[in-house]
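Now, the feature entries from TrEMBL:
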type     : residues               : note
BINDING  : HIS78, ASP140, ASP197  : Zn(2+) 1 binding site
ACT_SITE : ASP80                  : active site
BINDING  : ASP140, GLU174, HIS379 : Zn(2+) 2 binding site
ACT_SITE : GLU173                 : active site, proton acceptor
DOMAIN   : 206-307                : domain 'Peptidase M20 dimerisation'
Amino acid sequence: MQQQLIERFFRYLAISSQSNAAITTVPSSDGQWKMAKLLADELTELGLEQVNIDQYANVTAVLKGSVPNATPIGFCAHMDTVDVALSPIISPQIKTFAGNDLLLNQEKNIWLKVAEHPEILPYLNQEIIFSDGTSVLGADNKAAIANIMTALAIIKQHNLPTGDIYIAFVPDEEIGLRGAKLLDLHKFKPDFAYTIDCCELGEVVYENFNAAAATITIHGVSAHPMSAKGVLVNPILVAQDLIALFDRNQTPECTEQKEGYWWFNSFEANQSQAILGMSIRDFDKASFEARKVFIEKAVNEIQQRYPTAKLTCEISDTYGNIANTLTEDRRSIDLLFNAMEQINVTPKVIPMRGGTDGAALSVNGITTPNYFTGAHNFHSKFEFLPIPSFVKSCKLTLKLIELAAK
């Protein structure tokens, strides 16, 4: 299992598949088409049925089960890696952590320093996968794809009894769950499903942020500086006044656990116009809605302060909290806890300060909790994946499939 996991993971990493938020079509990058075609070919070779790539590069397939009346379950992973202004080319490497700082890139003198990353300390003497320090590692989410594909290969190799297993590999998760939102649920129809996205060994997520995005556009009034008094309205300064209305302590860098926030995350401006991009996050649905109302009130207040300017605000929901969709049917969660107990992994239930494709699926009636790949430091050049945790994650996938068939 271990060798196959690593080989598959490295093969998928060799395809550059960053998503691009500036592109509105789905998928947003050619590399995701390459991933989709490779995975469809591999699923076909493994004997899965109904293998399909749709117009958005969503890949779906079904492993038809041999156990009558078994619960059909699903697995979903995303094919894109995140663009955080690092290299799109990922060069993975395996190093054994001996307790000291690790040199990731000799040419560029990039070190993972233990004092700055104490999360590595529990993995003493373990083999760990890193990038070369110029990119993310891409365990988010190609470790999950390797996990799922390896589990399917093992099932086929050993002719293990299963129920129906639905597979979905989707694009553009990192830029708003775009692929999952467009997934054809006539082709992906388990009773419930799982994502395997982020999280260290043992972590389980079935509660995440409610999320929305806001775009605030400010049209100022331009004038030559020599005759600007009483006429010119500088959209940059208007934006500054708008931002000042928001609580500086309710930002990502000042909040934790189940605290919500506003995040001004982009700004484009010239002497005539300014465009602010903003993320809204909150676990509590009522607080989430109140945050959106506050934004609109803030925009209106600034509009009144600068009557010759023109401000517009567009707010759109990105994803919802999986917990909002949970009903009395908790089979997905009960099965997950049972499987973890049987492979001797202690669950660590956390509220995720983010979202997964499972949020989009859950809203559409397929409850989809998330469990660990085993990796740390997502969206960072110091992302790393301890190999024993990687193996445990795949064993959990196999155990879930086994228990669902009973």
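From the backbone N, Cα and C atoms, a Cβ is placed for every residue, glycine too.
TrEMBL feature annotations superimposed on the structure.
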| residue | record | DSSP class |
| --- | --- | --- |
| HIS78 | Zn(2+) 1 binding site | strand |
| ASP140 | Zn(2+) 1 binding site | helix |
| GLU173 | active site, proton acceptor | helix |
| ASP197 | Zn(2+) 1 binding site | coil |
| HIS379 | Zn(2+) 2 binding site | coil |
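Candidate recorded positions: HIS78, ASP80, ASP140, GLU173, ASP197. Nearest to HIS379 (Zn(2+) 2 binding site) by Cα distance: ASP140. Taking the mean position of the Cβ atoms of ASP140, GLU174, HIS379 as the Zn(2+) 2 site, the remaining same-chain residues with a Cβ inside 8 Å of that point are THR81, VAL82, VAL84, VAL136, ASN141, CYS198, PHE378. Of all the recorded positions listed (ASP80, GLU173, GLU174, ASP197), GLU174 has the fewest other CB atoms within 10 A of its CB. Shown in sequence order, ALA77, ASN141, ALA144, GLU173, GLU174, THR195, ILE196, CYS198, THR356, ASP357, PHE378 are the same-chain residues outside HIS78, ASP140, ASP197 whose Cβ sits within 8 Å of the Cβ centre of the Zn(2+) 1 site. Comparing the binding-site residues HIS78, HIS379 on other C-beta atoms within 10 angstroms of each C-beta gives the minimum for HIS379. ASP140 (Zn(2+) 1 binding site): 26 other CB atoms within 10 A of its CB, across all protein chains. As a summary of secondary structure, the domain 'Peptidase M20 dimerisation' (206-307) carries 37 helix, 32 strand, 33 coil according to DSSP.
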